[in-house]
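What follows is a single structure, written as structure tokens, with notes after it.
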């Protein structure tokens, strides 16, 4: 079972049952120097959004007739390795609801076959192409559906990339909330157009891999984030993705403001379900469930994979324990009904009740036959892999994304594009393949050959791999290859020869350590791996023309060689997936002009970043990760600190040039009030009888054949559990069953719909002024006035558009819309979004990077070219 070692590695980070982590204790930490997450109860019911009304009506009819066992079955996983998927719920055969399959990953079906390994999220972000973001989502959804996956665990919009060394930044779309928001929301729309359910992750503050999970000696770290920073930065892409209709949200491992995400009532009940109007279901990250009653009351709807503190022992915080909690009254039956209704309504909303496939693969083995429940001591066997090919023509989309993401940082003397008759010398193992096999390392937990993706659960097996070496050899008959990370002796260099040096930087999830890096880039830092810097310098000493190709998970330091005279060009190819070679040669040899742009800043030194975004650790006690930099991460920090980076956010050159002319700013809807119009009232939600179910509903069925370690909803003594209903149970601090007033910032999925009123529109004419075809990206940044009374970043990306391929001399007019929310700050006192009245003092900039602004507009004064 290929995935088994990976999950065994998780055991070192498990949450033990004896670990003291009660919500009540967390919520009483009120010292002014300590972060605090206030209580927010009860959990809001779903079903009040009109777009979900039909699905909730169907769910209500079914749930009204379910037994307690059937309800609990859908909220709890059946246990790790107790089915074909990363996790699966129980089923309700009486109503045609199967075991729901939840499975990775954000870039392709994990641990499967005949699937596409798409470029990673960071690569998609670098395209700045909304159409490709959506198309990739469609491809992911089609492949998930084809494999029988009900819930695909992605996209990831958290981490956002606060910490440049963070291990999983590459799963998201870039170090900016708007870029993440467009990437996440468009991916969700694409995925769910196919009927697959997207599970948006990780809510929230999982910005570092090390110490995120609790262990026998310490709790996972607490991400301590102030309310304004939470809303304007980290929550922003989640809000946009909820607005896109996300069916599921995955909760992170860590704490937020000293309250574990899986039972953080403010985060789940207050912000996600009430303020953002989330209508789907909330699921744990795998083994992130640390308590039973407290998590249910805090708004958690599904536990995955269902196991308790130590997997493989057949224990659970829910399953039969949830049945017990409902019978004894510690979990109100109303809460269970809402949990189940949310799950079933999402199933109906995506049309999964109509001819949706069952799982036809196994993530546990590549064999055709095997145990149906691999985690059981004794398991029946059968066909587990049907080898269904779901790739379709998705390789075309994968290649287009990988190609359009390639970012040209430098091109002195126009050394690129190459001519097919150039004499080339290629260096670096990153140009080649993994000699052990392209899928030989579990979850890509090694760095051998071309880097196509990071490592961890967010990966996919490669159906094939076109390496740069193969692709270049296919085009050039004058290429010599030195697939080594040590510069070979005896290499000769003619005056016109061109050296292409391949280097990379890797990272991933913390259950695998690669070359001393436990997920985060702890040992390597932001330097190239495998002697990369020295390899470039050695080539630069020998050759007059050096092209550097970088495959990387994020920012990488280049100072040792970037200014060398012979280093003429640098391409960042990000994480290209299976089409690594063809996408690169499309650009290298000029079939296409590069049109990618950096989705993060590349610094001169790691010391350019604020100290607070470094990796944090301590030997004992819970780590307090204080977000003292506030809104100022990545380019926002560089601008505030007046630090010129090596390459700014949004930077990307082309083989041609573009002019931005004829800018025009139009008022679409007046900002005549500081705060948005009053939110619409909540609609009605499903109602159910409030009487406790009969204990017999969770009694073991007669002659039932139990599977060892399978997690069931049944109790050995249900009558005994019901008899305890007269007892008084302790509840989390602040718990109440009285509904709270509807938050004024809410009113629809994502928040008050007035926030998305388009207030201004900028039009700009983009002209190809060069001699080659190419595409330009217009990036719109806003600067908010000091009249708001708050410190705000001097530039904030809020919109972007990409031209079609423009021939030399051809133009296209782009329209970039700006919403009320785009111009708002979060008022922590009023608890609403505040904008400058009439947009007074707002400045809008449009350009090709945050440092290359071509157009400036001032509301009320108009626009000019810069």
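Using the three backbone atoms N, Cα and C, a Cβ is placed for every residue, glycine included.
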Segment assigned the feature region 'Disordered' in Swiss-Prot (from 725-748, 749-772, 773-796, 797-820): 725-748
Nonlocal residues around residue 285 (active site), in sequence order (Cβ under 8 Å, 6 or more apart): 201, 202, 250, 251, 252, 253, 262, 304
Under 8 Å by Cβ from residue 474 (N-linked glycosylation site), counting only residues of that chain that are 6 or more apart: 585
Rounded inter-Cα distance in Å - residue 257 (N-linked glycosylation site), residue 65 (N-linked glycosylation site): 40
Cβ-Cβ distance under 8 Å to residue 724 (N-linked glycosylation site), same chain, at least six residues away: 327, 328
Three-state composition of the region 'Disordered' (725-748), taking helix and strand from DSSP: 2 helix, 0 strand, 22 coil
Among 395, 421, the most crowded of the glycosylation sites [Cβ within 10 Å]: 395
Cα separation, residue 360 (N-linked glycosylation site) to residue 65 (N-linked glycosylation site) (Å, whole number): 30
Separation of alpha carbons, residue 360 (N-linked glycosylation site) and residue 73 (N-linked glycosylation site) (Å): 22
Candidate glycosylation sites 360, 395, 421, pick with smallest Cα gap to residue 664 (N-linked glycosylation site): 395
